[in-house]
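Beneath this line is the structure, given in structure tokens, with notes to follow.
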Amino acid sequence: MSGVNNTSANDLSTTESNSNSVANAPSVKTEHNDSKNSLNLDATEPPIDLPQKPLSAYTTVAILCLMIAFGGFIFGWDTGTISGFVNLSDFIRRFGQKNDKGTYYLSKVRMGLIVSIFNIGCAIGGIVLSKVGDIYGRRIGLITVTAIYVVGILIQITSINKWYQYFIGRIISGLGVGGIAVLSPMLISEVAPKQIRGTLVQLYQLMCTMGIFLGYCTNYGTKNYHNATQWRVGLGLCFAWTTFMVSGMMFVPESPRYLIEVGKDEEAKRSLSKSNKVSVDDPALLAEYDTIKAGIELEKLAGNASWSELLSTKTKVFQRVLMGVMIQSLQQLTGDNYFFYYGTTIFKSVGLKDSFQTSIIIGVVNFFSSFIAVYTIERFGRRTCLLWGAASMLCCFAVFASVGVTKLWPQGSSHQDITSQGAGNCMIVFTMFFIFSFATTWAGGCYVIVSETFPLRVKSRGMAIATAANWMWGFLISFFTPFITGAINFYYGYVFLGCLVFAYFYVFFFVPETKGLTLEEVNTMWLEGVPAWKSASWVPPERRTADYDADAIDHDDRPIYKRFFSS
């Protein structure tokens, strides 16, 4: 569904054309038509292009962005290790309760709180701590939130037998990870060349899956110990990961948009030069610098950004916040955590009794599928990936839930004797298909879209609110899933199936394509009110030719059913 016009990734705005663009209009309604007309008249002067470079030329930039994306590894490591901690004997003995038989166990409530409270900390941290990146810069912000994460790990690793101490440590480490989840994709999106921006932001999700996988492997390697080594090794390694993260921040470039905002223009040019692999005096680089600076100066004229500005419909900020919240919420409601929770039960039906082996199998599929996503997000576009992902996951859930209800446990959860080995095998296959579909589309695609959507003045706030929605749904699903699955077993799958149907239609009608556009061009597209299903054919003002019909893109009077079946 991505159009050819939208993928001309090497075009840059000139200062002259930018002065006429909608991005510079305080009131979109009053200047929208005038800007379109003037832009078409001025189209005789072609924009300055950055030199076309092979992907190998961006190796250094990719490595630098990989260092920034390592924040995703920290989040993934926590996810991978905590899922195993709650099944380790020493952890249960220290932080669990005794039953009538004198054995220790973790109640569903206590286990749910220990695991899911992390998400609450992340939601708060994303909203509160992301502001550090606006004040002191993205790099300093990432170092700060990483330090807060370390404090939380210290509290957890020094816990002896008080579950609430571990609980508090989880909240504090969540604060740090919440800040990382906002600032890491934000910095990547602001330093990455637009030709490969989607791929580089996708590295954050790749590092998440790598952290989850290695966390699973660490738990598997320590499970045979009979003391605190079982879980303290996993926590102790966090100090190595955070040291690497902080060290890496010494080498990555600061966001050129932040540098321009605080008046460090020469540093901003050097940052752009480092990211785009051109000299600091290159005309195309200077043109992009002028475009960014003009947009920032315009935003400054409106005064300091406030939280209330997120409710503005005049500049389409509220619509973007709503879209970001919906996309991040729907990512959780795809049901990926449901599969991670139920995977052990299903795999047991074919003889895999070791839950740690089950986790590793799921982690392997999740991790290696993420490599494909690094390619597909830029090749096929954000919107297309989300649509295909929703459709394929929907099919997986339809088969998984139906086979579970009718063949595996036909008499319900009260009779859990496996009645069909073939049914169990079928469900495992579709579990893997689901994880593959999720990892290659929605897992990282949501972060890419959200990081590209908001104008600079409200970017940290908008991303924080959207990401907080993800964390809140993560808390609700991880806390209540054990209770829900105990009550309705595989019928729970139909709930997520319904959510995926909604997700498909929501993406089609409300999520625009941003592939191949600069962040400033994305802002212009939103201001022009381009329908999402026609966004792949939208052309930035400075690249329009005389035969470009902006009205045909901005307005579509066809019936809904005809729009839906068009590209």
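Cβ atoms are placed via backbone N, Cα and C, with glycine included.
Residues annotated as topological domain 'Cytoplasmic' in Swiss-Prot, with sequence analysis given as evidence: 1-56 (among others).
The compositional bias 'Polar residues' annotation in Swiss-Prot covers 1-16.
According to Swiss-Prot, the feature compositional bias 'Low complexity' maps to 17-28.
Residues 142, 146, 149, 177, 180-181, 183-184, 187-188, 191-193, 195-196, 200, 203-215, 234, 237-238, 241-242, 244-245, 248-249, 251-253, 274-277 of the same chain sit 6 or more residues outside the transmembrane segment (57-77) yet have a Cβ under 8 Å from a Cβ within it. According to Swiss-Prot, the feature transmembrane segment maps to 57-77 (among others), an assignment based on sequence analysis.
When other Cβ atoms within 10 Å of the Cβ of Asn87 (N-linked glycosylation site) are tallied across all protein chains shown, the result is 17. Sequence annotations record features per position, and here Swiss-Prot assigns N-linked glycosylation site to Asn87 (among others).
Annotated transmembrane segment per Swiss-Prot: 113-133 (among others), in sequence order, evidence recorded as sequence analysis. Note on the transmembrane segment (113-133): residues 78, 82-83, 86, 95, 106, 140-142, 144-145, 148, 152, 163, 166-167, 170-179, 181-183, 186-187, 258, 460-461, 463-465, 467-468, 471-472, 474-475, 478-479 of its chain, located 6 or more positions outside it, place their CB under 8 angstroms from a CB of the stretch.
The topological domain 'Cytoplasmic' annotation in Swiss-Prot covers 134-139 (among others). Residues 183, 186-187, 190, 249, 252, 254-255, 258-259, 262, 460 of the same chain lie 6+ residues outside the topological domain 'Cytoplasmic' (134-139) yet bring a C-beta within less than 8 angstroms of a C-beta in it.
Taken from Swiss-Prot, the feature transmembrane segment applies to 140-160 (among others).
According to Swiss-Prot, the feature transmembrane segment maps to 171-191 (among others).
As annotated by Swiss-Prot, topological domain 'Cytoplasmic' applies to 192-197 (among others).
Taken from Swiss-Prot, the feature transmembrane segment applies to 198-218 (among others), supported by sequence analysis.
Residues or ranges marked as N-linked glycosylation site in Swiss-Prot (evidence: sequence analysis): Asn227 (among others). A C-beta separation below 8 Å, combined with a sequence spacing of at least six in one chain, links Asn227 (N-linked glycosylation site) to Asp90.
Nonlocal intrachain contacts for the transmembrane segment (233-253), taken as residues 6+ away from its ends with a CB within less than 8 angstroms of a stretch CB, comprise 64-65, 67-68, 70-71, 73-74, 77-78, 81, 84-85, 139, 142-143, 146-147, 149-150, 153, 156-157, 187, 191, 211, 215, 218-219, 222, 270-271, 274-275. Under the heading transmembrane segment, Swiss-Prot lists 233-253 (among others), citing sequence analysis as support.
Summarising the annotation, Swiss-Prot assigns topological domain 'Cytoplasmic' to 254-336 (among others). Over the topological domain 'Cytoplasmic' (254-336) the predicted model carries a mean pLDDT of 85.
What Swiss-Prot records for 337-353 (among others) is transmembrane segment.
Outside the transmembrane segment (360-377), and at least 6 residues removed from its termini, the chain residues within Cβ reach (under 8 Å) are 80, 198-199, 201-203, 205-206, 208-210, 212-213, 215-217, 220, 339-340, 343, 347, 352, 385, 431-432, 435-436, 439-441, 443-445, 448. The transmembrane segment annotation in Swiss-Prot covers 360-377 (among others) and rests on sequence analysis.
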Interface present between the transmembrane segment (198-218) and the transmembrane segment (430-450) (three or more C-beta pairs under 8 A): yes
DSSP residue counts for the topological domain 'Cytoplasmic' (254-336), split into helix, strand and coil: 59 helix, 0 strand, 24 coil
Contacting positions for the topological domain 'Cytoplasmic' (451-467) when only residues 6+ beyond its ends and CB under 8 Å are counted: 122-123, 126-127, 130-131, 133-134, 178, 181-183, 185-186, 188-189, 197, 201, 257, 261, 295-296, 299, 302, 305, 307, 309-310, 315, 317, 320-321, 323-325, 327-328, 382, 514, 517, 519, 522-523, 526
Closest-packing stretch to the transmembrane segment (385-405), where packing means Cβ pairs under 8 Å, from 198-218, 468-488, 490-510: 490-510
